[in-house]
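Notes to accompany the following structure.
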């Protein structure tokens, strides 16, 4: 039961330098600054008082809002009543919190430089208790606190004024004088010791002995009965605003300053079994948000934990034992004053691994000796495996964990140190994972508590007593908790105990608040991974192979059953049903070995009905199946397959750990169903604790498996999670934050208006120099302020030493009181002089505050300039986007043109190929015609040679003349035809050359276009690659400028602008280069196209001339043909008339001869003449036929040549048109 239910967090316990005891080494990532108190060598006790030290660090502080700066500067706005001395201390400490983001040197911190032992201690007062070196966290909405930083209703939000320090110092000095007068009066009446309060060892004094106390003290003294109290003028300071992170890594709430004493005392006893303190600070005080659990059984720190005392097991007396119990006991006691660090924190943290050893089994006790020995270090965090003999070749090994538990550790103590501190985190909205790992039979299921009741009892034996539990479920107090503790079997592990405490915690929170204000909803789900298939054990019969889906937050199992439970009895009934469905089999090392991975998930929903805020959290309790070599299994193939699947999933889990430790970009979660389900525990947002279960046997075969488990646990500690609080804020809270932000914006606008009225705008070029000047001026002012503060501290120390001097003088001799009174009078005069000095210092301090305010205003102006530059960068980004889009559109158009040109070029190539094929066909036909003409000419020559004599004899002179003329014309025609054919052939050759040139030019142009296309593609790719990098650089620079100081803001701004300008210039240059390349290529193409056009015009003119020539030839041929036909007809008619005349003459001669009685002679002559006439007519007919064939062939050749010429001209004209269009 909590003694303090307010919003205070338990303070840290300081470190005491002691010469005895071992030192516990903490494995936490970072340790807070704690105070140290030196003990005198002579054994005398001295009072320890020191000034407060706010660990600011070397970096600068930044106010998140203007109101926080006003709160820090205007100390009159603090609503909590306090004394003038406390106001003085607050005003002095306010100088530690400079306005705006102007960097402060480390010397600005208040520290007692003369006494190094006082630098890291805090002020001690009877008013409040604050934690050392802690930072306040965000306040919880469920608790109400008197926070000094939230009550500023009386202060003006626009006027920032400095504190009237002189009045505070005067009041403070008046209090000192009045106190000194009381001291003099008390010493004069011999009652000096009775008037001053003395600190005795009763547990109620902050400076009490370390043997007592409740864990809320700040400092611990040596063993003395009395100590000198600290002066009443030293009070604890109020914590800075929650927006100022003075220290990193502590989860504590805002501290409030009250005038009443809030220290509570509890007399705790020390349990010194094995030399380990079991009643140190409670782990929950470091882990919980504002809770302080003062149960005596839970006061063990997670980094300074010891094994709970338990009787020595009876198995130690068995003969043949190779591992004695004393090997696992600490050699020396652990120092109780060592630093206590929490196992879990709110920032990025590593997985915490603990190791638990189980006692040896009967089979392990009969094993022979080994060359290695396993021991636990005195700090209870290290495990050493050393060779027993120097001759062995094995090397010594050491493993470090957060805590190592010995075999005699009980279930209750193990849970109190590992599981119980996590309950508050679960209730407050953090995901928690507890995972048990180890070899088969190492005690994983026993540690988590998945087994049955005590001894041979089962869950039914506990369910029979559920009626008593339900009746006492809503009672509170130590008696009821003791009754519930007696109900729980001692052999039960973490799972039932943490569920029980969760319900108790829920009922406690519901009882502390108004009825029906907080509502809890608890649901459970139970999954089993068996042979890479997920089973839902809460469903009837267990659903086989449930689907795992990928969501925004990771992997989810949407089809899994979630059963709602309202009491601990409901949980037990579900668990009884679940355990029957688990896959359990017998192995060599375990009679009931878990052959599957069990994942028990508890989802908790906390609803604040008044504030309308919900908090969700998940609890993972994972019982991993034991890894075992397949060669050691004697069984069927199904058991071998089970072992292979178990080893495969554990290997995948090791791969995930390896990826996380190496910070690789891709983590192999998808290699196994187990790694998918445990994504939140390894690398997610949960607080994860890995329990490495091992055997305590020293046999070599067992130690080999133990080393494997220890290596896995040590590697798992390198994985870092980022725990986050799952809180959903209501609309009203978000609206309130929005209103505050709007108010801040309005204040900023007003400041901007004032700055614009009072001073001009600084140009961007001189911003950097102006910032450096402001920084130098601020550093000088800070140095002056440091000197003033040192003087003030020295004066305060001198004033605080006065009553001590009176006490010492009173102890030595009462007669020296008069001298002391005189000294007091002198001190009064000195104080008056000091007051004057302090007034002067206060005036200087006020001036420095005004200058700082001016610098703050200038910084606001610089911030505005930064916003303007960000807007300009955004405009540049938009311009770059437009340029990219335009270039993309132009490139797309060029691509379309290129594709069209390529398609047309391919079509033309195909046409040219078809024309060439046709041309070759025509050429072949022409060759055949020429060949046939040659054959006919040969025949004609033969005929001419054979029948030339007969023709000459038959033809008359006129016939011979006509034939000669016709033959000459025919010869001339032949010559013309041959010349025309030669010209046509030459023209074809020239045209072929021109076609080849056009093709070569076409190929060159296609290559040029392809190169242009590749260049355009590369440019677009470069633009697409460079544009997001520019945007990311701008965003990163904006983020860095927001988090850095004013100097770094301006330098980063200039650098980012220069980089943007350089990149923009590069892009413009690249664009210009591409444009020039494109323009040059286009010009060259256009020139080539002009040349092609000119060539086409020349070719067209030549073709026109050829056409005219062909037409003239056609006309001449037609005329010649018509003349030839006419001549042929005349020749035919002449020949016919001649033949008729000859026939008539011959007939007349024959008649005459017949009449003259020479019948025989006349018959011979008639036969010879008729035969000769018949032969001449046949020869003339053949010659005419041959001539007609030649003329027809000539016309055919001319027609073929004209068609080929027309086709070539059409192809060239189309190609020229294509190039013109491109």
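In case you wondered, yes, glycine gets a Cβ from its N, Cα and C as well.
The region 'Disordered' annotation in Swiss-Prot falls on one of the ranges 1-55, 386-440, namely 1-55. Range with Swiss-Prot annotation region 'Disordered', chosen from 1113-1143, 1144-1174, is 1144-1174.
Neighbour density around each Cβ, counted as other Cβ atoms within 10 Å, peaks among the binding-site residues 439, 440, 445 at 445. Spatially close to residue 444 (ATP binding site) yet at least six residues away along the chain are 436, 437, 438, 594, 623, 624, 626, 691, 693, judged by Cβ distances under 8 angstroms. Counting only residues at least six positions away in the same chain, the Cβ atoms of 358, 626, 693, 694, 695, 709 sit under 8 Å from the Cβ of residue 442 (ATP binding site). The Cβ of residue 443 (ATP binding site) lies under 8 Å from the Cβ of 356, 358, 693, each on the same chain and at least six residues away in sequence. Shown are the binding-site residues 438, 441; of these, the residue with the fewest other Cβ atoms within 10 Å is 441. Computed over the domain 'Kinesin motor' (350-719), the whole-number mean pLDDT of the model equals 81.
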